[in-house]
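The next block holds one structure in the form of C-alpha cells; read it before the comments.
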Amino acid sequence: MSGTLMRMAGPTVVAEGLSGASLNEVVRVGEERLLGEIIRIEGDRATIQVYEETAGLALGEPVEASGEPLAVELGPGLLGSVFDGVQRPLSELAAREGDFLGRGASLPALDRARAWEFEPAVAPGDRVEGGARLGVARAPGAPDHLVVVPPGVTGRVSEVRGGARRVDEPAVLLDGGATLALLERWPVRRPRPARRRLPPDVPFLTGQRVLDCFFPVSAGGTAVVPGGFGTGKTVLEQSLAKWAAADVVVYVGCGERGNEMSEVLDEFPRLEDPRTGGPLLARTVMIVNTSNMPVAAREASIYTGCAIAEYFRDMGRSVALMIDSTSRWAEALREISARLEEMPGEEGYPTYLASRLARFYERAGRVETLGGAEGAVTMVGAVSPPGGDLSEPVTQCSLRATGALWALSADLAHRRHYPAVDWSVSFTLEGDRLAGWFEREAGDGFGALRDEARKLLQRERELAEVAELVGTESLQDAERLVLESARLLREGFLRQSALDPADATCPPAKAFEMLRLFLEWHRRAGAAVGAGVPLRSILDTGLGARLLRLAQLPAAEVPGAAAALRADLSEALARLEAE
C-alpha cells in the first residue's frame, strides 16, 4: 500500500491515500525511503513521525506502508552491540558510510553473515510453546546465547537443524510449516508476556552503601535519579553497570550531548567486568541517541531498550535498564505533541505525559517467565530537571510511577562527596518489603540501625543550622558529638570511592558491620560524655580515623578489624572514665 506526501512540519509529515494503514505501522517516506511510524489516522490521511532528517522532502513524494509495527530484532549478537534509537547498528553503519550517516541508511540490526553453532535442546516430536528453551547458540568470542520460543508460538517439532546457522536461517521446524530461527522480531511498544509477577521481596543490590542500606530497590523495581549538571549521574550509572546484581545491562542514552555520549562509548569498552575479568561491554547493550538526532527516534529509543531488556528477562536473566535521561525523552514527546497541535499541559508537555511514563515503568518487574524461569527488569531512569527543580512535571510524574528517588545533590558533588545522593531528599517505598531480606542476609537488627543512622543525620542538620549562628564552640559536648559522629558516618560510610578496588562495591554484610560500629562508637562516646569525659579527649584517641579506614578494607577483613577496633574503643573509654 502506498500514498503521497501532502503536508510537512519538521519531523512530522502527513500522507494521503493510506486508508488501510494501522496505528504504529512502519512506513518508508519519500524517494530516499526514510523510516517513519504512523501516529495518527484520519480517514485516508496518516500522520507520520519520521525517524530521520526530513529536509529536502517534497510534496507528492511516495509513502509506502510496510504492514508491520515498529519492531526490534532479538537474537544472538545483541550483547556488545551499539544501536541508535530504532536499532540500526552504529558501528557497522560507520564502517560502511563513515562517521556521518546519510539519510535512508539501513542495515539489519543483527549480523546476517555471522555463523553461530546451534546446540539444540529439543528433538522431533517434542511439543513446544512460548518461552520453552530451544537450545544454545555459541560463537567464538561471544557469550553463550539461550534461544527460546517466541511468545504466542505453539506446535510440535518436526525437524531440528543443529550445527552452524546464521541468525535468519531456520533452526527448528514445527508441524504445519512454521519455522523458528535464532532470530525473532518483536514490536517495541508491546510488553512481552510473562506467566505471573513475583512479589518484590528481593533487593536489587547496587554495591553502593547509601543506596542499598538507606534507599533499597527491589529486583524488578524502578528508581528515578534526578540531578543537575556535574552531580555524577554518569559515574553512578557506570558504577551500577559494573557492580549491580544484574546479568545484562541495557543502557539507553536518550538525547544527551554528543560529547557525553562519545565519552560513554569510549569508556564503557575499557571498563572491566569484575565477574569475568573481560570487558563490561560483553554483557551490555547500548542504545545511543544524541541531542542532534531526530526527536522522533529519541522518543522510540526507550521502547527499543525496554523490548531488548524484556527479551533477556525471558531467558531467566536479571536485567538493569538504565535510561539517561527521561527528561530528554519527555522533551521529544513535547515537540512531537506541538507539531500535532495537541492541547499542551503543564510547561508545554502533553497532557498524557504521566500515563506514558507510568505505562513505560510498568514494564519493569520480577516475573516467572513463560518457560518457568525467574527473570527481572529493573529500571533506573535519570532525570535532568532544569536548575535542579524537582517540582517540574517530568520529575513529579516519574516520582508517581516509580518506587524510589535517588536525588543527586550539586552541593554534595561540589564537596567531592560521591555518590552525591542527598539522604535528606531521597526516599524508597520498598524499604519495609525488603527489611526481612536484609535482616536474614546482612545481619539481625539491620532495620533498626538504618533508622538510627537516619535520625543521627537529621539531628545533624538541625544542629548545623544552630552552629552557623552561634558557632560550633558554643555548643555543648553532647551536641558537638552529634556533629562529629554524623561527619564520620558521612565520610566513612555514605561516601564511596569508585576508584578504590576495595571500596567501589560493598556487600550487605560489610555495610552492616560498618554501620553497627559507627553507631556503637556514637552511643558509647555519648555515654562517656554524659559521664563527664571531655569530647576532646575522646577525639584525641584517634579511633575516628580508624573508623574512616574501614571502607578501604576488603570485605573479608572487616569483621576482624571491627572486633579489634571495638576492643580498643572499650579500653580507651574505660581509661578516660577512670581518669
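Glycine residues also receive a Cβ, built from the backbone N, Cα and C atoms like all the rest.
According to Swiss-Prot, the features are:
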{"type": "BINDING", "residues": "Gly227, Gly228, Phe229, Gly230, Thr231, Gly232, Lys233, Thr234", "note": "ATP binding site"}
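Annotated features taken from Swiss-Prot, shown on the structure.
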residue: Gly227; record: ATP binding site; Cβ contacts under 8 Å, 6 or more apart: Lys233, Ala382, Val383, Ser384, Gly388, Ala407, Leu408, Ser409, Ala410, Ala420
residue: Gly228; record: ATP binding site; Cβ contacts under 8 Å, 6 or more apart: Ser384, Pro385, Gly387, Gly388, Leu408, Ala410
residue: Phe229; record: ATP binding site; Cβ contacts under 8 Å, 6 or more apart: Ser384
residue: Gly230; record: ATP binding site; Cβ contacts under 8 Å, 6 or more apart: Ala410, Ala413
residue: Thr231; record: ATP binding site; Cβ contacts under 8 Å, 6 or more apart: Leu408, Ser409, Ala410, Leu412, Ala413, Ala420
residue: Gly232; record: ATP binding site; Cβ contacts under 8 Å, 6 or more apart: Leu408, Ala413, Tyr418, Pro419, Ala420
residue: Thr234; record: ATP binding site; Cβ contacts under 8 Å, 6 or more apart: Glu260, Glu263, Val264, Asp324
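DSSP assigns Lys233 (ATP binding site) to a helix. Those same-chain residues not listed among Gly227, Gly228, Phe229, Gly230, Thr231, Gly232, Lys233, Thr234 yet with C-beta within 8 angstroms of the centroid of the ATP site C-beta atoms are Leu408, Ala410, Ala413, Ala420. Cβ contacts within 10 Å of Lys233 (ATP binding site), excluding its own Cβ and spanning all protein chains shown: 26. Gly227 (ATP binding site) falls outside any helix or strand according to DSSP and counts as coil.
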